[in-house]
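A short write-up of the structure that comes next.
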Amino acid sequence: MKHFEANFDGLVGPTHNYAGLSFGNVASLSNAALVSNPKAAAKQGLQKAKALADMGIVQGMLAPQERPDLYTLRRIGFSGSDANVLKQAAKEAPILLNACCSASSMWTANAATVSPSADTRDGKLHFTPANLVDKLHRSIEPLTTGRILTATFNDPHYFHHHSHLPEHNSFGDEGAANHTRLCKEYGHAGVELFVYGQEATNPNAPKPQKYPARQTLEASMAVARLHQLEDDNCVFIQQNPDVIDQGVFHNDVIAVGNQNVLFYHEQAFLNTQQKIDEIKRKLDTELYFIEVPTAKVTIQDAVKSYLFNTQIITLASGEMAIIAPTDCQENPAVLAYLNELLTLNTPIKQVLYFDVKQSMQNGGGPACLRLRVAMNEKEITAVNQHTLLNDALFNRLNTWIEKHYRDRLTTQDLADPQLIIESRTALDELSQIMKLGSVYQFQK
C-alpha cells in the first residue's frame, strides 16, 4: 500500500487583519495597524497549496473559523443585537474585539498534533486540537477546530479525535508547530519529536525570561499518551530558552523535519547532541541532521526570513524540495545559505519560493499554513473528499474568495456590523462547498 504525507492548509478567513495580538511574535507586533488585504491573503495561501497539489503532493484545505466571534463577546458581558455587541466592544474593549476578530486559525500548524497510524497502538490516525491557552485570540479556537477536523477526517474507523487538553498554562499546547516526525518512509513507524519550551511543574528547570514558552513538557507528554505512542516512538526536546526570547515563539520558526532529514539552527535546542543520539538509537535508518551555524545565519535573520518556517516535501522522484517564502530570497545571508545547501550531500535538491507576504506580516510562513498528516491510500479515501484540493475545488474556492472577501481591512473596520453578515454568508457557502455540515455556531 502507498503512503503519503498530506498537507492540509488553512483557508485565510474574511477578517484577516493586523492587530498585533501575538506577544513574542516579532512580525506580528512590528506590523500592527497595517491595512490588510484579506482577499490577497486568502488567494496567496490557496495558490501555494495548489502549487503543491500540482507537484503531486496530497493537498487538503481546512475551513476558517467564524469571526467576529460574537459568542465570546456575549460570554464576557456584551449584549443586545449583533451590531450593538460590536459597537459596545469597540467602544469599551477594542483589544478584546480585535482578539475576537482574528483570522489566526489560518495557521493550521497550530490546529492540532497528528500521529499517523504507523506510530499508534490502535493503528488509527490520532488528532488532538491544540488548546492555545497562551494567547486570548487563539484560545477561543479549539472547539471549532475539533468540529472542523472531525468533519474533514470523518470516518471513525480510521480517525481518532481527542478533545483539547485542559485549558491551563500547565498544559499549554500549540500543536504541530512544536512537533515533527522523522521516519524512513511515511508508512513506517517513526520517531515523533515533541519540542517544549518549559516544564510547568518544575520551577528550577530552564525557561525563557522575556517571552512566554507556549508549549510545556507536560502538554507534550499528555498528547503522546492520548495518541497511544510507545517510548520508542517519542523524543522530548527542550527548545533553547534564549531563542524563544529572540522571537522564536514556536519550534517551526527554528527547525523543520521531513522523513530522514532534520533541518535546524545550531541554537535551536538544549542538549542537542544528546537528543540526536537518542533519535539515532530509536530510528534505525540513515539520517541527515542539517545544522545551520550562527556564523552563516543569525537568529535574527532566521526569524525575519522564516528560513525554518519552510516546508520540506518529498517529490515523486524521491528528492526533497524546500517551499520557502520570498522573504528568504530577499535576505542575502539566507539566500546564500540556501544556495549552498543545494550543493551539500543531502536529499534536499530544490528550493521553491512563494509569495505569502500577507501571512508573513502577521508572523506566519509556509509551514504555519499547513497541518501535516501522514496517511495511507485507504485513509486518504476515508477523508471527506470535498476538502481535497483539485482543479475543480481550487476554481470554486478562488471564485468564493473573489465573491465574499474585502481587499482592504483596518482594525477600525472590525466594528462594522456588515462584516458579520459578510463573514457568515461566506462561511455558510463554504461549509456547503466542502460538505462540512454545521460546524459553526451560527448554523446551530
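Glycine residues also receive a Cβ, built from the backbone N, Cα and C atoms like all the rest.
Cβ neighbour count for N110 (substrate binding site): 29 (other Cβ atoms within 10 Å of its Cβ, all protein chains included). Per Swiss-Prot, substrate binding site is recorded for 19-28, N110, 137-138, R214, D252, N362, and the stated evidence type is sequence analysis.
Sequence-distant neighbours of E174 (active site) (same chain, 6+ residues apart, CB-CB distance under 8 A): N110, A130, L132, D134, R214, Q215, H250. Secondary structure at E174 (active site), taken from DSSP and collapsed to helix, strand or coil, is coil. The feature active site is assigned by Swiss-Prot to E174 (among others).
H250 (active site) falls outside any helix or strand according to DSSP and counts as coil. Annotated active site per Swiss-Prot: H250 (among others), in sequence order.
Every protein chain considered, the tally of other Cβ atoms within 10 Å of the Cβ of C368 (active site, nucleophile) stands at 26. In the three-state DSSP scheme, C368 (active site, nucleophile) falls into the coil class. For C368, the entry in Swiss-Prot reads active site, nucleophile, with the evidence type sequence analysis.
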| message | Using only C-alpha positions, which one of A19, L21, R138 is spatially nearest C368 (active site, nucleophile)? These are the binding-site residues in the record. | response | R138
| message | Let me make sure I understand the structure: which of the recorded positions listed (R138, H250) has the fewest other Cβ atoms within 10 A of its Cβ? | response | R138
| task | Starting from each candidate's C-beta and looking 10 angstroms out, tell me which of the binding-site residues A19, L21 has the most other C-beta atoms. | result | A19
| task | Check each residue in the chain of D252 (substrate binding site) that is at least six apart in sequence and keep those whose C-beta is under 8 Å from its C-beta; list them in sequence order. | result | A109, A176, A177, N178, T180, F308, N309, A367, C368
